[in-house]
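Student: Residues or ranges marked as Zn(2+) binding site by TrEMBL: CYS82, CYS87, HIS164, HIS169.
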Amino acid sequence: MSHALKQVFNKDKTFRPKRKFEPGTQRFELHKKAQASLNAGLDLKVAVQLPPGEEQNDWVAVHVVDFFNRINLIYGTISDYCTEHSCPVMSGGPKYEYRWQDEHKYRKPTALSAPQYMNLLMDWIEVQINNEDIFPTNVGTPFPKNFLPVVKKILSRLFRVFVHVYIHHFDRITQMGSEAHVNTCYKHFYYFVKEFNLIDTKELEPLVSVWGTRRS
């Protein structure tokens, strides 16, 4: 592993604690299966496909947690450069501004700085993925009816992290020599959400032109 990629995976740079799967559980085995596909160098379009005999919600749950962990790590590498001063608005260039809304303090869409937005986002996702009523961990416990709507909201908001990093902080990623890692992570994410129709195509538009010039 290159020094740059070691920096990406530096635990001190993790934006939030990683959510882990307990060894011996079905999710842990699915997680290992997903990682084995990636490590084997399979085409990402193939790697994201539901393995035979597995339940789609289980496969989706494992990937949501994995994407949260990895995007959390990517943002952690540039978080020192994403400040109230450098990024007073959570945006993806001049055309896209993302406002925060939740069920507590921000009941209406509210303009926030990028670091404020990221903190609220990661806190909110942690609550969702640690909620047994939404992401049950016991084999045989059914997923709730609102599982996919929650997943879609999580992934659409995680996509905004990619948008912000690519458009406002990609120079830092390039300086670290980590663009190939970030690009691969984004491609994996993109193929996954497209495979299971988890983000509307219109929401993916902010990176269409940028992705064409920055992928490796």
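A Cβ is built for glycine as well, from the same backbone N, Cα and C atoms used for every other residue.
All TrEMBL annotations are machine predictions without curation.
Just so it is clear, the model here is predicted, and its values are computed rather than measured.
Burial and contacts for the listed features, if you can.
Tutor: Neighbour density for HIS169 (Zn(2+) binding site): within 10 A of its CB lie 21 other CB atoms from the protein chains shown.
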Student: When you average the Cβ positions of CYS82, CYS87, HIS164, HIS169 for the Zn(2+) site, which other residues in that chain have a Cβ within 8 Å of that mean position?
Tutor: ILE78, TYR81, SER86, ALA114, PRO115, VAL165, HIS168
Student: Give the number of CB atoms, excluding that of CYS87 (Zn(2+) binding site) itself, located within 10 Å of its CB.
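Tutor: The answer is 19.
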Student: List the residues of the same chain that sit at least 6 positions away from CYS82 (Zn(2+) binding site) in sequence and have their Cβ under 8 Å from its Cβ, in sequence order, or write 'none'.
Tutor: TYR75, ALA114, PRO115, MET118, HIS164, HIS168, HIS169
